[in-house]
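Feature list (source: TrEMBL):
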{"type": "SIGNAL", "residues": "1-30", "note": "signal peptide"}
{"type": "DOMAIN", "residues": "214-416", "note": "domain 'Peptidase M12B'"}
{"type": "BINDING", "residues": "350, 354, 360", "note": "Zn(2+) binding site"}
{"type": "ACT_SITE", "residues": "351", "note": "active site"}
{"type": "DOMAIN", "residues": "424-510", "note": "domain 'Disintegrin'"}
{"type": "DISULFID", "residues": "482-502", "note": "disulfide bond"}
{"type": "DOMAIN", "residues": "656-688", "note": "domain 'EGF-like'"}
{"type": "DISULFID", "residues": "660-670", "note": "disulfide bond"}
{"type": "DISULFID", "residues": "678-687", "note": "disulfide bond"}
């Protein structure tokens, strides 16, 4: 039996050496490690423990260090890879779910610190500032190494101990495919970036919204066919899903978005909804299952299905556009089309991009991509080839910004409790954990003057070190605005005076009337027919008369319908649901402004008293696998007191907004958490007493100091304390409710 290796050095790092001879060594920067079409190379790995080097096969797989250094030895040079464990990847609410033979679901919280060890890493290649690395050490070494605009894959060899393959990503075995981004009643139209800037939601550009880190609490589900394709090995499937999430998180970090995995689920007995080769119906089935079954038992922002089914045609993924955070549409389906998890990870990132409001990169959009097309291009390309794309284009960044400005993603700004992330507590990991007052990283990298990096405690006279409500090491006063409302259905947040963090984002309850707009709020956005007509036809466009919707959408054909019911059939709209079908407009430009693949569908309807009405619809040529994006968006007002849901005109009473508003005594509005957001001079929770406005969720609207100063001023004038709701405070009322 081998002797126990000496303890870890103080730096808490292991050094793994991968040794191997490459047929075409890299001799200078800018030259690929491989010639075109180069074969896979076999390398071995060793672990440095103290002064000893030991094979990876002897490495304790349950002990994964926080910092890891890998050296890849080539014929004429070496690459040093610096890695850090991806501490924020797996949340404490993380659960693994599978099923017994009788269909009973088994969910368990799995502490990766104790059982398996946190074995997912991100990092860079030393000396290459543009490099990025995403690896796992769960079962040997596996992952991506990207530098100098080239991508390489490291994988364990089958049936071999301590032997690995290192090869260009273009050599991965995969199925060439494309995305069928799915548009229906809860989507924006394709290519909505063509919308003129003047037609975006009225309101100021919210810098803090764009700069703030967004968190996607993600669930990944593997269907039964995927379980079978992975050898019916439950642990292997779960590990593959987590590895996919680790790569996706790496792809999104440059966009200031973190992907936090809250659950994986494996349908190891049977599929829980119908998954077929038809990607359209499979997506609808999965999204319905998510809403009805998954959401009630597992809180999350988005769910992606990884399927082992080969979809019809060239489609390898499909997702609704701009649907993030929606109960009905926040998700997608992905075909696991490659031997490596990297392939599915790229497609998940692509479909997640559609959920974020990103459209395909096309030539006419003039997108800028830092990676040449022959080397993979960018993630939102319509088709996926070799090698896989791993970065986002300028168009994707612009689409994301536009979506955020329109109010998309209301659930993404809630800062998760850092203690909810597994990986072990440690001062210096940039996570403020239990017992710590702050954490600014290791002493040599800490730039925060409020925090003692050695002890993770606040410096003398400092009250805080992090957060939007912390300034110059002190808490901002209660009532200080920390997040403005982004649109007429969003609510602002204010510092509480007790926490350095801005309260979680909240917005108006679904079904609430939009301020100054003839519509209703839905998922934090005010959708109207007029806004959608302007999106499709440009300035000057407006909704057509009701007879246009009724006549056109009763046809049940590609040009007038209430959505697809299968790949090639369409639903006729009932009279009451006509305004939830294909949108009909008048005026605007001579042709649709949403892209070159959109055409005008004009219908002339004769009137009984003579004359005709011109109805203008749109048809976008997207292929049989993709529904037309000209359908009315979910949440759009279709009649007084009614809203479009699931392509039906339904009463807003289904949301319970009126019952919720009663408790606010006419002095506030109901937010999405069913709590009152009170006017400036009334106190939550029920707006029935004098106070400082706001809600229990979003903080007080007015600063307490303003009231105290006013009271003191009144006493000095001998007037006593004025009522909190007096006219003297009317100037502060501009802070109330929504901008």
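Glycine residues also receive a Cβ, built from the backbone N, Cα and C atoms like all the rest.
Not measured: the values here are computed from a predicted model.
Across the structure, residue 354 (Zn(2+) binding site) and residue 482 (disulfide bond) place their CA atoms 29 angstrom apart. For residue 360 (Zn(2+) binding site), other Cβ atoms within 10 Å of its Cβ number 23. For the pair the residue listed as 'active site' and residue 360 (Zn(2+) binding site), the Cα-Cα distance reads 10 Å.
According to DSSP, residue 678 (disulfide bond) sits within a strand segment. Under 8 Å, Cβ to Cβ, and six or more positions away along its own chain, residue 687 (disulfide bond) finds 664, 665, 666, 667, 668, 676, 678, 679.
Calculated from their C-alpha atoms, the gap between residue 360 (Zn(2+) binding site) and residue 482 (disulfide bond) amounts to 34 Å.
If you take the Cα of residue 670 (disulfide bond) and the Cα of residue 502 (disulfide bond), they are about 20 angstrom apart, rounded to a whole number. Separating the Cα atoms of residue 502 (disulfide bond) and residue 660 (disulfide bond) is a whole-number distance of 25 Å. Note: the domain 'EGF-like' (656-688) comprises 6 helix, 9 strand, 18 coil (DSSP; helix = H, G, I, strand = E, B). Mean model confidence of the domain 'EGF-like' (656-688) amounts to 94 (pLDDT, 0 to 100 scale).
When secondary structure is read from DSSP and collapsed to three states, residue 351 (active site) falls in the helix class. In this view, residue 482 (disulfide bond) is surrounded by 21 other Cβ atoms within 10 Å of its Cβ, with every protein chain counted. Neighbour counts were taken as the number of other C-beta atoms within 10 angstroms of each residue's C-beta; across the disulfide-bonded residues 660, 670, the minimum falls on 660. A sphere of 10 angstroms centred on the C-beta of residue 678 (disulfide bond) encloses 29 other C-beta atoms. Cα of residue 482 (disulfide bond) to Cα of residue 660 (disulfide bond): a span of 26 Å.
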